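Undergrad: Look at TrEMBL and you will find 5-121 tagged as domain 'Phosphotransferase system enzyme I N-terminal'. The feature domain 'PEP-utilising enzyme mobile' is assigned by TrEMBL to 151-219. TrEMBL lists His184 with the feature active site, tele-phosphohistidine intermediate. What TrEMBL records for 250-519 is domain 'PEP-utilising enzyme C-terminal'. Annotation comment: TrEMBL describes Arg286, Arg322, Asn434, Asp435, Arg445 as phosphoenolpyruvate binding site. Look at TrEMBL and you will find Glu411, Asp435 tagged as Mg(2+) binding site. Feature annotation from TrEMBL assigns active site, proton donor to Cys482.
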Amino acid sequence: MTELRGVGIGQGVAQGPVVRMAEALPAPEKTPSAVGADAERTRAREAVAAVAAELQQRAETAGGSAQEVLEAQAMIAEDPTLQDEVDTRIDDGSTAEWAVHDAFAGFRATLEAVGGYLGERAADLDDIAQRVLARLRGVDAPGVPDPGHPFVLVARDLAPADTALLNLEQVLALITTDGGPTSHTAILAREKGIVAIVGAVEATTLANGTTVIVDAAAGTVTTDPSAAQLERAEARAAARAAAVDAPPSPGSLADGTAIALLANLGKPADAAEAVARGAEGVGLFRTEFLFLSASQAPTVAEQSATYRELLAAFGDKKVVVRMLDAGADKPLAFLNDAHEENPALGLRGLRSLRASEDILREQLTALAEADAATNADLWVMAPMVTTVEETKYFTDLAREYGLKTAGVMVEVPASALLADRVLAHADFASIGTNDLTQYTMAADRMLGSVAGFQDPWHPAVLRLVGEVGAAGARTGKPVGVCGEAAADPLLALVLVGLGATSLSMAPSALADVRLALSERTLDEARSLAEVALAADDAAGARNAVAEAAAALPSHQKETTS
Ligand code: PEP
Ligand code: MG
């Protein structure tokens with residue numbers, strides 16, 4: 001058994017035999033034909049016809065939108081103009097390989113020049129040309145293989161079309177040697193729920209047929225696993241599948257402690273998906289996402305209609321709306337377009353709203369209107385609140401507009417350290433771990449060069465979360481977490497152990513977090529939090545908590561067996 005590492009996408013686990021994706025074929029040399037034009041023409045015709053037939057067959061099996069794409073490819077392969085171009089080159093003495101390569105490349109350039117729909121088809125020509133070349137050379141065609149049984153696909157990277165067309169009945173998991181967590185492949189894999197590990201550099205050593213366990217949660221690929229490891233992976237996959245398919249229930253720990261699982265949203269149109277995935281409300285509605293490209297502040301009427309649509313989608317559930325969060329990663333020219341040396345430390349969040357109080361007042365007016373017109377339980381909060389005075393300023397103002405639940409985001413160490421005094425004024429706190437990590441670790445969240453510091457598992461960040469959690473418990477006020485950290489199932493447990501009473505995340509993360517919470521009691525979450533706090537760094541905390549969690553008894557098994 002050996003273990004390879006990469007970046008896991010999602011929380012799934014899968015196992016199966018490796019099938020490698022064939023690499024792109026090198027372009028043929030321009031050499032004269034040794035067999036003569038007639039023979040080359042026949043070779044080319046047969047290869048093209050075989051590829052067209054294969055694409056047509058794949059189209060019929062694929063169905064849906066994939067069928068249309070593949071049928072279009074089959075038609076392009078046999079396009080008579082293209083055929084003439086191939087023949088002309090062969091008549092000039094070329095091999096079938098060179099003629100196909102050169103004719104398809106020329107046709108590609110023509111389509112690209114036309115643009116529009118035809119331009120978009122240009123990339124398909126490369127795929128067809130590669131398939132015809134592979135036929136002519138008698139080698140495997142590049143692209144997603146079809147071995148006729150379920151398999152773990154290993155590739156350097158996938159073209160977007162390959163990922164979109166993946167047959168999820170056949171592809172058990174995906175491992176790529178290239179790409180990172182934000183690569184196109186990773187984004188599509190996340191969207192389609194494919195168990196995937198990207199950037200697994202050593203996966204080049206994986207041979208066809210090797211059995212592997214792909215553990216996206218751990219970011220590992222285990223080759224030649226033992227029977228016991230396969231059994232454990234199988235059990236985990238089954239539990240996860242059951243949890244994802246089960247009708248969503250409210251978030252709760254194994255001992256019954258309720259932890260509300262809420263959605264992070266940027267537009268009302270995303271509400272339906274959140275509701276379908278069992279969101280118990282909205283923990284963070286990022287209002288600035290609605291106006292990122294606007295040069296002028298949105299009107300009260302415009303805002304009111306949008307907020308009404310959002311609130312209506314959630315019935316009588318809780319919806320936490322954040323006031324416009326301008327600055328740094330979320331520029332809003334109408335709130336702050338000044339050049340700042342360090343925009344993350346500048347006039348952003350509540351600071352910029354306060355500098356344009358009319359815009360803040362208009363937003364509160366629109367929210368109060370939407371609140372009056374709907375049944376949802378509207379909570380409002382201000383971003384990047386640093387001081388107790390700012391807390392009092394915002395919550396007093398919100399109440400002036402009749403908004404009954406007013407809180408603050410804790411994203412700056414200063415407000416985390418004084419959380420008890422902040423909570424003396426605010427009705428609730430919501431911890432933004434993305435910014436809290438940025439400000440605790442002094443690492444700009446936009447800068448790749450310091451991305452290594454941007455890890456919410458760092459015990460310094462967790463200690464601050466613990467300060468807010470403890471203050472919430474002392475004052476009896478809710479403390480939510482709405483940064484990306486809440487979407488990591490293991491870290492979610494630690495956050496609960498540190499005192500978080502609700503977690504808000506991208507809707508796609510809800511099922512995995514719900515499952516992780518259901519497996520542990522509050523006492524266990526607290527003990528895992530202690531383990532994390534005792535570590536020296538983020539990696540140490542993550543590994544120690546993973547180890548400690550694995551050693552805990554499984555409540556899931558106790559209740560289901
Ligand atoms: C955060 O900072 O964690 C947060 C939730 O807000 P945003 O990511 O929008 O800054
Ligand atoms: Mg933030």
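Residue numbering: from 1, along the chain as shown.
Placed from the backbone N, Cα and C atoms, the Cβ positions cover glycine too.
A TrEMBL annotation is a machine prediction, not a hand-curated record.
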Undergrad: Give me the largest Cα to Cα distance among Arg286, Arg322, Asn434, Asp435, Arg445, the residues the record lists as binding phosphoenolpyruvate, in Å as a whole number.
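TA: Maximum Cα-Cα distance: 20 Å.
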Undergrad: If I take every residue in the domain 'PEP-utilising enzyme mobile' (151-219) and average their pLDDT values, what number comes out?
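TA: Averaging the confidence scores along the domain 'PEP-utilising enzyme mobile' (151-219) gives 84.
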Undergrad: About how far apart, in whole Å, are the alpha carbons (Cα) of the residue listed as 'active site, proton donor' and Asn434 (phosphoenolpyruvate binding site)?
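TA: Rounded to the nearest whole number, the Cα-Cα distance is 9 Å.
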Undergrad: What does DSSP say about Asp435 (phosphoenolpyruvate binding site): helix, strand or coil?
TA: helix
Undergrad: Given the binding-site residues Arg322, Glu411, Asp435, return the subset with CB under 6 A from an atom of ligand 2, ordered by sequence, or none if empty.
TA: Glu411, Asp435
Undergrad: Would you mind listing, in sequence order, the residues at least six apart from Asn434 (phosphoenolpyruvate binding site) in the same chain with a Cβ closer than 8 Å to its Cβ?
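TA: Once residues fewer than 6 apart are set aside, Asn434 (phosphoenolpyruvate binding site) is near Glu411, Arg445, Pro456, Gly483, Glu484, Ala485.
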Undergrad: Would you find the one among the binding-site residues Glu411, Asp435 whose Cβ has the most company, meaning other Cβ atoms within 10 Å?
TA: Glu411
Undergrad: Determine the minimum-neighbour residue: among Arg322, Arg445, Cys482, listed as recorded positions, which Cβ has the fewest other Cβ atoms within 10 angstroms?
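TA: Across Arg322, Arg445, Cys482, these recorded positions, the one with fewest Cβ atoms within 10 Å is Arg445.
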Undergrad: Over all shown protein chains, what is the count of other CB atoms within 10 A of the CB belonging to Arg286 (phosphoenolpyruvate binding site)?
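TA: That number is 18.
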